[in-house]
Structures are given as C-alpha cells and as structure tokens.
C-alpha cells in the first residue's frame, strides 16, 4: 500500500477549523479515487516535536554519530530517536497533505519546528561541504498539497505580498525533491459563519483538480 501522510496544524477541533474541514474532505476524496493508498495522520498540536539542540548534531542537519549519541543523557537520546522517527515517517510517505491556517503571513510555529526536524542530511536531503544541497525525495513519485485557510480574500497582489506560508512550503518540498506541489486555499473565511461556509464550499469545488495535479 502507498501512504498518504496527513499533517494538521491547528489546535481547534475539526468542526471549528476551516483548514481541517477542507483537509478531511480532501483526504477522504483522495482515498476514494486511489484505493491503493492508506492514510497516516499527524497532529502537530498533539504530537511532541523536539526542540533542536546543538548536542544532537555533528554538523548542519546531520544527527550525531553513535559515539556522541551514547554520551547524551536518556532524555536527549529520546529526542534524537523522535527526530529520526518523524523523518522516517515523512520519507516513507508518497503523498503529503498539510492543513494549516495562515498566521502572521505564515503558519503556526509547530509546522516550522516539524520541518526543521525532517530536513535531515542523508534522509531527505544530501548536504556536502562546498556543494549545493540536493533533495533525496525524488526517488519515487511523490506529491504534496498545502491547504491553507485565511480570513482575508487573497487577490494576486495581496497573495504575493502577504502569503509567505504557501511559498515557503512549496520551496521546502521542492528542496527535498518533491516536485509535484499544489495549493488549496480556503481564503475569505471572514468573521461570520456564513463567510466561512462559503469559503469552505468554494475550496471543496477545487479538490478533484488538485488531486489530479499531484497524483
């Protein structure tokens, strides 16, 4: 079975979150269209994401060797094991769906902490001194979707100026070697339930075309 990794970044329950509501509809529809996939879910507000400490690394984005690992205390070793587990989980997936709100022109901090964990030398990227880093996740077909909710309606100009989250996620995915990337914006959720529902319904209409864009 192929694997879809569904990553959510919102403390709200699904029924109150526009990004998670659209995210659920998206993954359900994807699984309907692609029965050879199974889903694995990762809630970054419930999952422990290690804070990266210098003791965990022997060089940039490269975890410590065995000798250095054995000198760490038990808690530090557990943190290193968690980083490896998160990175392996990401690497094993075929399709990635990330659902997050726009916060401060970007996204909630847990997503950045997670990305810092999984961009790892020898696993998702190849980093050699004096050479340009290369992504390692071009080893098989992969695709990624970033589902983002925002209160404001994003015209082209406003999106370029304010929407840093989508551009960053696309860049980091391609940096790791994942070339197929699509965005699914749930913008204009506004301040009323009616506005939010309209934005969600509009996003629902785009789900099939986004799925076709990544797989």
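Residue numbering: from 1, along the chain as shown.
From the backbone N, Cα and C atoms, a Cβ is placed for every residue, glycine too.
Taken from Swiss-Prot, the feature FMN binding site covers 17, 18, 19. The number of other CB atoms found within 10 A of the CB of residue 17 (FMN binding site), across every protein chain shown, is 23. Taken residue by residue with DSSP, residue 17 (FMN binding site) is part of neither helix nor strand, so it is coil.
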Neighbour-count leader, CB within 10 A, binding-site residues: 18, 19:
19
Would you list the other residues of this chain near FMN - those whose C-beta lies within 8 angstroms of the C-beta centroid of 17, 18, 19 - in sequence order?
10, 12, 16, 20, 21, 22, 23, 99, 101, 149, 186, 189
